[in-house]
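Quick look at what Swiss-Prot lists:
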| type | residues | note |
| --- | --- | --- |
| BINDING | 104, 173, 220, 221, 222, 223, 224, 329, 330, 331, 332, 333 | substrate binding site |
| BINDING | 205-207, 215-220, 289-290, 333-336 | ATP binding site |
């Protein structure tokens, strides 16, 4: 069985591991759950934090041409009119008249008829469903409403009275907070084109999701950059950011053979984009978008200048020229990267326990940069003399690394648990430790163990993490 075929059969395994080990829980589970919502448990919270920290370090902290922003979730309603989301941010939906189930028409057609819906109008999709005599996947009846547009933004209201004159929206993307603050950043940060503004934050989309775990969510986190450039330089910087995104994905541990790029066709492009390229990952359910790069031209700043009446041009001192900058946008979703990392890191291999019994060893081979815990500290046995030293070692390591201390069950079971949650190194305190103040460091991927003095343990782990 090749790697790609193996990947197609194990989404259930990934979901089971994520729940069992505390990466992801169904949302509101004690109340029966809420469709398409998920909570991230102790390990999931650590993995998300490491992923966001890695993104911030790579794209913001390491570059002199980047600054950060933390924009609000609620923005003035006119922002979304100017951005085009009120008119353009729609999915084509179709309903079964019998059971009232609702589906994305494009997904239904592509999955059932195996043909692209790129460029099709709503009427053309309606006609395709009728001519193919498609049955409802839920009840089997062939009685459909016409395909219609459905706006994906969540609406809410400010104030005690809900009226149509006071709606606001939960932001469907983080980008607009950057555009409406462009003038503020230029005036307060001494930035010069080319420069970028990056932020990490929640976004919300009222989508009909396909049920592929956390691949597509109603509530999710985006890591976005708006990079402002001279109009004539867009191709150079588009290529630059495409390369940077690929380098980042490899930097956090993705296998290159499970990544590819795909450029959007003309009919696929978002209303603001002149060119978009996706990085796709080979998920258990096939090649799907992992993250994307878009050339947004001057669409957003020009529209906000028009709708707000504010001057959003930039004065380029080097050229003695005023213009509206163009924008290159690298964007990544935290949860989608999270799922891809779980899939990419998951591995099974035959092994033999200390008693000679064969078993299947499950390992999450996370890069140490994103692994939830860097080190586990394990006393060989739950004996007071070993536990005392182990807790002292754990307390020392906590000052430098995110660690886990565990003294429950046999040492073999504890090793297997740490393998399954992706911990790169296990430090074991045994009876030799009491004699010579040395401990063993076990490598997750090779299972090799070496003895190291406690006095040099921090330096040894730091060296291993740096060289990973």
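Quick reminder: no glycine exception, Cβ is built from N, Cα and C everywhere.
Given the structure is predicted, the values throughout are model-derived calculations rather than measurements.
Where Swiss-Prot records a feature, it is marked here on the structure.
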{"residue": "104", "record": "substrate binding site", "Cβ contacts under 8 Å, 6 or more apart": "91, 92, 93, 94, 208"}
{"residue": "207", "record": "ATP binding site", "Cβ contacts under 8 Å, 6 or more apart": "36, 91, 152, 216, 218"}
{"residue": "220", "record": "substrate binding site", "Cβ contacts under 8 Å, 6 or more apart": "202, 203, 204, 205, 333, 334, 335, 336"}
{"residue": "290", "record": "ATP binding site", "Cβ contacts under 8 Å, 6 or more apart": "249, 259, 278, 279, 280, 281, 332, 336, 337, 340"}
{"residue": "330", "record": "substrate binding site", "Cβ contacts under 8 Å, 6 or more apart": "59, 224, 225, 227, 241, 244, 245, 291, 292, 293"}
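Counting only residues at least six positions away in the same chain, the Cβ atoms of 173, 174, 200, 201, 202, 203, 331, 332, 333, 334 sit under 8 Å from the Cβ of residue 222 (substrate binding site).
The substrate-binding residues named in the record, 104, 173, 220, 221, 222, 223, 224, 329, 330, 331, 332, 333, extend over a maximum Cα to Cα distance of 27 Å. Around the Cβ of residue 218 (ATP binding site), a 10 Å sphere holds 19 further Cβ atoms from the protein chains shown. Cβ neighbour count for residue 336 (ATP binding site): 22 (other Cβ atoms within 10 Å of its Cβ, all protein chains included).
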